[in-house]
């Protein structure tokens, strides 16, 4: 006997099953955070690429995460030897490990193009494994009783967070104090990916039913849903919100070359960022979630602008006039920006969950979040174009102030478009007309079953900013 989506009843209560999932998500957290410093130092120090080239490269690395629902469609519609999850997890982890170990072997000596292709393959393979394991997790979350609800999900997110934090700490310390090269770090990440294959041994998955609907039918239903006015307007706003150009990769060059920050301190900044994401989520949950929806987004957009424009103080060295050390300013600014970014994202995540109809919660939520991820790719790419147009390059930061001003002014462009969003009330309000309209949206006749995948989706690409 099997449960919803082919999950085996009571499998989620198995100690081996739980710890196998925990290990997979721990290694996922490591692979999300560990490559950040090695990749940037490989591009900057070994390959000597300009900031614009790094921005283009990093945007391409994040591209596979923008089409994450596609991998779910494929695994749902094309089981391998009767299994829809585990073969894709094993395949993704194997290719991820091979790409990482190949990077460790060839390094910068092979040139930019081979490095770029291996990084892209690494990112693609990791998201394939992640999407399949997310689906497996969702299948088993549906089998939890009321008393168990949330325990499996919270456990894997804790494991992933621990992996990201430890990897962020280790990367900076290992490369700065122990002088490990980028190749050493890639080799370590590849070995950890291989160790993630151990989780597949202890995870039990039922065989897929023979009457699974085709990928064509699923895509047809998804397109029919997206034709609803509130849905496409919401996605258009989400894309605009996340697609404004960024100067993040240039700031990395500035901190290394002009401010002289060590790799260990840059690792500390990554740790501070991860911790601030948690703080931002807590602030939103306990203090901000009852605010009117459009008002909440408007305030977070303005807050993002104020925080972002403060980087001018650092670039123009005005922080020294105020007797604020560079390290203290950057650490505080990084933590505050990360918290504000998470607070700004939370209303988008809530909206994505609210607009998803019964029968396709996970698919639609994944789709809206993928629009956000696609916007982030465009943000990196347009930031690289602006960087090149303004002549900001390695060792020449004369026009960096202009890049920061332009990037931050564009964050205000979505404000006039807030009216595009459905008028969804807060927890204290009754259902609005828009909410009633959204409740009537449904998915077509392909037989997509209700899912809780919106509870296990993540929007962080491989190479975090």
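Just so it is clear, glycine is given a Cβ too, placed from its N, Cα and C backbone atoms.
Whatever TrEMBL says is automated annotation, not expert-curated.
Here's what TrEMBL has on this protein:
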type	residues	note
TRANSMEM	20-38	transmembrane segment
TRANSMEM	86-104	transmembrane segment
TRANSMEM	116-137	transmembrane segment
TRANSMEM	157-178	transmembrane segment
TRANSMEM	184-204	transmembrane segment
TRANSMEM	261-284	transmembrane segment
TRANSMEM	296-315	transmembrane segment
TRANSMEM	327-352	transmembrane segment
TRANSMEM	364-387	transmembrane segment
TRANSMEM	399-418	transmembrane segment
REGION	429-465	region 'Disordered'
Is the count of Cβ pairs under 8 Å between the transmembrane segment (20-38) and the transmembrane segment (364-387), pairs 6 or more apart in sequence, 3 or more?
no
Can you say which of 116-137, 157-178, 184-204, 296-315, 327-352 has the most Cβ pairs under 8 Å with the transmembrane segment (261-284)?
327-352
Same-chain residue ranges lying at least 6 outside the transmembrane segment (296-315) that approach it to Cβ under 8 Å
241, 247, 251, 254, 288, 322, 326, 329-330, 333, 336-337, 340-341, 343-344, 347-348, 397, 400-401, 404-405, 407-409, 411-412, 414-415, 418, 421
Tertiary contacts of the transmembrane segment (184-204) (same chain, 6+ residues out, Cβ under 8 Å)
8, 11, 14, 16-17, 19-21, 23-24, 27-28, 30-31, 34-35, 37-38, 86, 89-90, 93-94, 96-101, 103-104, 126, 129, 136, 171, 174-175
